[in-house]
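Student: The following block contains the structure, expressed as structure tokens.
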Amino acid sequence: MSRPRRRGRDIHGVLLLDKPQGMSSNDVLQKVKRIYNANRAGHTGALDPLATGMLPICLGEATKFSQYLLDSDKRYRVIARLGQRTDTSDADGQIVQERPVTFSAEQLASALETFRGDIEQIPSMYSALKYQGKKLYEYARQGIEVPREARPITVYELLFIRHEGNELELEVHCSKGTYIRTIIDDLGEKLGCGAHVTYLRRLTVSKYPVDRMVTLEHLQTLVAQAEQQGVPAAQWLDPLLMPMDSPASDYPVVNLPLTSSVYFKNGNPVRTTGAPLKGLVRVTEGEDDKFIGMGEIDDEGRVAPRRLVVEYPA
């Protein structure tokens, strides 16, 4: 007879993890989930094993609002190895072509300019996008290439940092859906020498503060210290979390009086003052502005519930 599954904690919020190199996003997600003993956890946009940096991990009810971070802008620092092209467009892949690096500074500046602004990008075969229900990297590992449509992306800023020998360092501020590996691969082809990513760090996601990032090692140290001092680890871990509504921080706030919020939480649209004319809104209730979910302004100007927070007993 199987043992009953142990129930985790109903903990809600967003941890800004500084993902280490060499681990998959799912691996670090599972470690954080165990450290927090959380019932539910999910990340908001995977980083390649080679990459480091900001990986927001949503716990509990915050997972309902993680989709809003998937749509947010991101900023990266990347170092490319020039003269070598790999099958994965990064250092984890196999070298498939080597060519001399002969471009001039003017040619580099001209090539970089073509990647700024609104452009279209054909995703790498080594990505998690799906074709006929199967992830592209699964086809790639079988040596199968399938058709991919170009997707519109926006590169808000592409900063040249340095070019030394066969290394090129850039900083990229981009929209959702942008593959930095693909930018580097495409840039290498435009320069005629090939290139692949050797270092990639996600600096920021949306407007999250960089100084709130924490490492796995720090979390594990806190757990060990709490155990030594005989205090619950949650006492030190939970203050590290950002609010559960922080993934939707770009949306305007509508505050409902308690007399109206009870109807909203039961799935009914409600009328209120001071709401925008249309679009999604964060909905709070009462004088303490407690977050209760996401709403959308309907055709009659009412706030209709879209995603609601489940209230757990304390």
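For all residues, glycine too, the Cβ spot is worked out from N, Cα and C.
The substrate binding site annotation in Swiss-Prot covers His43, Tyr76, Tyr179, Leu200. Annotated active site, nucleophile per Swiss-Prot: Asp48, in sequence order, evidence recorded as sequence analysis.
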Student: Taking DSSP as the reference, which of helix, strand or coil describes Tyr76 (substrate binding site)?
Tutor: strand
Student: Could you state the CA-to-CA distance between the residue listed as 'active site, nucleophile' and Leu200 (substrate binding site) to the nearest Å?
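Tutor: Roughly 9 Å, rounded to the nearest whole number.
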Student: May I ask you to report the DSSP-based helix, strand or coil state of Leu200 (substrate binding site)?
Tutor: strand
Student: Measure from the Cβ of Tyr179 (substrate binding site) and count the other Cβ atoms within 10 Å, all protein chains considered.
Tutor: 21
Student: Output, ordered by sequence, the same-chain residues six or more apart from His43 (substrate binding site) with a CB under 8 Å from its CB, or 'none'.
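Tutor: Long-range Cβ contacts: Ser25, Asn26, Leu29, Leu55, Pro56, Ile57, Cys58, Ser66.
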Student: What does DSSP call Asp48 (active site, nucleophile) in the simple three-state scheme?
Tutor: coil
Student: Taking only the residues the record lists as binding substrate, namely His43, Tyr76, Tyr179, Leu200, what is the largest Cα to Cα distance between any two of them, in Å to the nearest whole number?
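Tutor: The span, Cα to Cα at its widest, is 18 Å.
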Student: Return the residues near Leu200 (substrate binding site) by Cβ distance under 8 Å, restricted to its own chain and a separation of at least 6 in sequence.
Tutor: Leu47, Asp48, Leu50, Ala51, Thr52, Gly53, Tyr76, Arg77, Val78, Ile79, Asp90, Ile180, Arg181
Student: Check the DSSP secondary structure of Tyr179 (substrate binding site), expressed as helix, strand or coil.
Tutor: coil
